[in-house]
Amino acid sequence: MANVVVVGAQWGDEGKGKVVDIYTEFADDVVRYQGGNNAGHTLVVGDEKIVLHLIPSGILHQGKRCIIGNGVVLDPEVFIREITNLKAKGKFQDDGVLLLSESLHIIMPYHKRIDIAREANSGAKKIGTTGRGIGPAYEDKIGRRGIRLMDLLDKQVFSRKLKEFLEEKNFILEKLLGERPFTFEEIFDEYSAYADTLRNYVADTTLVLHQDLKAGKKLLFEGAQGTLLDVDHGTYPYVTSSSTCAGGACTGTGASPRDINEIIGISKAYVTRVGSGPFPTELEDADGEKLRHTGGEFGATTGRPRRCGWFDALVIKYAVRVNGLTGIALTKLDVLSDFESIKICTGYSYNDKFLNELPANLDVFEKCRPVYEEMPGWQSDITGVRSFEELPEKAKNYVKRLEELAGCPIVLVSVGPRRDETIMLKNPFEA
């Protein structure tokens with residue numbers, strides 16, 4: 001038996017959706033443990049592209065239980081829309097396989113309005129929030145002002161808490177942000193209607209997980225965003241508001257650290273980032289544009305063009321360290337196929353010093369310049385390759401060099417967006 005955590009090893013958008021989709025075949029439960037609809041998983045099934053923001057990728061596999069844990073903040077409107085769309089496409093029929101933690105926190109309308117207004121008023125200090133209300137919802141969770149799913153399902157409790165919290169939120173909206181306040185009735189009526197649908201999926205998911213673990217079932221924990229966006233371990237303040245690292249799989253679901261056997265970090269064969277913040281290997285030239293165009297680097301959630309750059313070994317070394325990675329899934333190797341030469345960042349130059357580890361100080365990180373080594377490209381189509389041995393020699397050398405620099409084995413290589421365009425070197429569920 002093995003239970004596996006999948007985390008982003010960079011700044012998000014690494015291709016976790018595809019890898020989770022592949023690993024789901026070997027799991028019984030797929031569990032989402034943090035974030036909200038600020039993340040987007042893009043899956044290509046046959047000729048169809050499916051984007052999921054909240055519901056775990058495992059929903060596309062029959063007989064798999066999908067759980068959204070207590071660490072997630074849920075926008076009911078988005079959740080219901082995803083269910084409706086999946087059902088319309090014939091991808092989801094059995095309500096019983098999808099469970100919501102009764103303890104997860106709800107994104108309220110005032111969270112979204114506050115989020116958008118703050119970002120608009122931030123000027124040069126914008127962090128690049130998606131405006132989905134994720135940060136303000138987590139603020140209220142930590143500040144003990146949050147409304148949980150169990151509260152929403154009880155009209156008396158929901159009414160009491162909404163009245164209690166709305167006065168403060170309206171003060172912030174009107175007096176500090178210059179925005180329109182909400183009436184109690186407009187929120188209460190809208191969210192009470194959502195509750196009627198949500199109650200069909202609610203469960204004590206921590207208990208369900210432990211029962212499944214006791215029964216010997218295999219669990220796959222699905223993270224969102226990436227290590228460098230973790231609220232504690234990321235490039236603060238240019239981070240998300242949740243624990244994106246492997247430890248979040250426990251706090252966000254109620255699973256024990258002893259239940260985790262394998263931790264797989266997902267990394268592109270290059271690097272991308274959305275929003276503001278330091279990015280030493282960013283390319284603002286023809287190579288960067290080529291990566292963006294060839295890799296289709298536009299956000300699944302926002303549609304924003306992603307910043308693109310060469311592979312940064314220091315970022316991956318850091319992800320290996322703070323997550324305890326047991327393996328790396330390398331994605332989008334095929335995107336590099338047209339490059340005559342490829343660069344790898346092996347260190348940083350800072351004030352005439354050479355750094356071989358990621359600096360914790362943001363001011364230092366922002367001033368770091370990449371130190372590169374260069375490798376020849378393979379300049380051939382690899383999307384039809386299904387074994388490591390079949391890869392061009394120069395592609396194999398590139399993968400081996402990344403593995404060496406990361407200090408962690410590469411256990412999967414993605415050579416295209418489709419599910420079958422994958423080379424699995426080691427199955428973590430059989431470890």
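Quick reminder: no glycine exception, Cβ is built from N, Cα and C everywhere.
Feature annotations, reproduced from Swiss-Prot:
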- Asp13: active site, proton acceptor (ACT_SITE)
- His41: active site, proton donor (ACT_SITE)
- 12-18, 40-42, Arg306, 332-334, 414-416: GTP binding site (BINDING)
- Asp13, Gly40: Mg(2+) binding site (BINDING)
- Asp13, Glu14, Gly15, Lys16, Asn38, Ala39, Gly40, His41, Thr130, Arg144, Gln225, Thr240, Arg304: IMP binding site (BINDING)
- Ala300, Thr301, Thr302, Gly303, Arg304, Pro305, Arg306: substrate binding site (BINDING)
Across all protein chains shown, the binding-site residues Thr42, Gln225 give the max Cβ-within-10 Å count at Gln225
Recorded positions considered: Lys18, His41, Arg304, Arg306; fewest surrounding Cβ atoms within 10 Å belongs to Arg304
Simplified DSSP label at Leu333 (GTP binding site) comes out helix
Nearest by Cα to His41 (active site, proton donor), of the recorded positions Asp13, Arg306, Val415, is Asp13
Neighbouring CB atoms within 10 angstroms of the CB of Gly12 (GTP binding site), all protein chains considered, total 29
In this structure, the one of the binding-site residues Asn38, Thr130 whose CB has the fewest other CB atoms within 10 Å is Thr130
Sequence-ordered, the recorded positions among Asp13, Thr130, Gln225, Gly303, Arg304, Arg306 whose CA is within 10 A of the CA of Thr42 (GTP binding site) come to Asp13
Under a three-state DSSP reduction, the secondary structure at Gln225 (IMP binding site) is coil
Counting across all protein chains, other CB atoms within 10 angstroms of the CB of Pro305 (substrate binding site) number 14
Lys18 (GTP binding site) -> DSSP, reduced to three states, gives helix
From Gly40, Gln225, Leu333 (binding-site residues), the ones whose CA sits within 10 A of Asp13 (active site, proton acceptor) are Gly40, Gln225
Arg306 (substrate binding site) sits from Gln225 (IMP binding site) (Cα to Cα, rounded, in Å) at a distance of 14
Mapped onto three states, the DSSP assignment of His41 (active site, proton donor) reads strand
CA pair Gly12 (GTP binding site) / Gly40 (Mg(2+) binding site), Å rounded to integer, equals 10
Rounded to a whole number of Å, the separation of the Cα atoms of Pro305 (substrate binding site) and Thr130 (IMP binding site) comes to 13
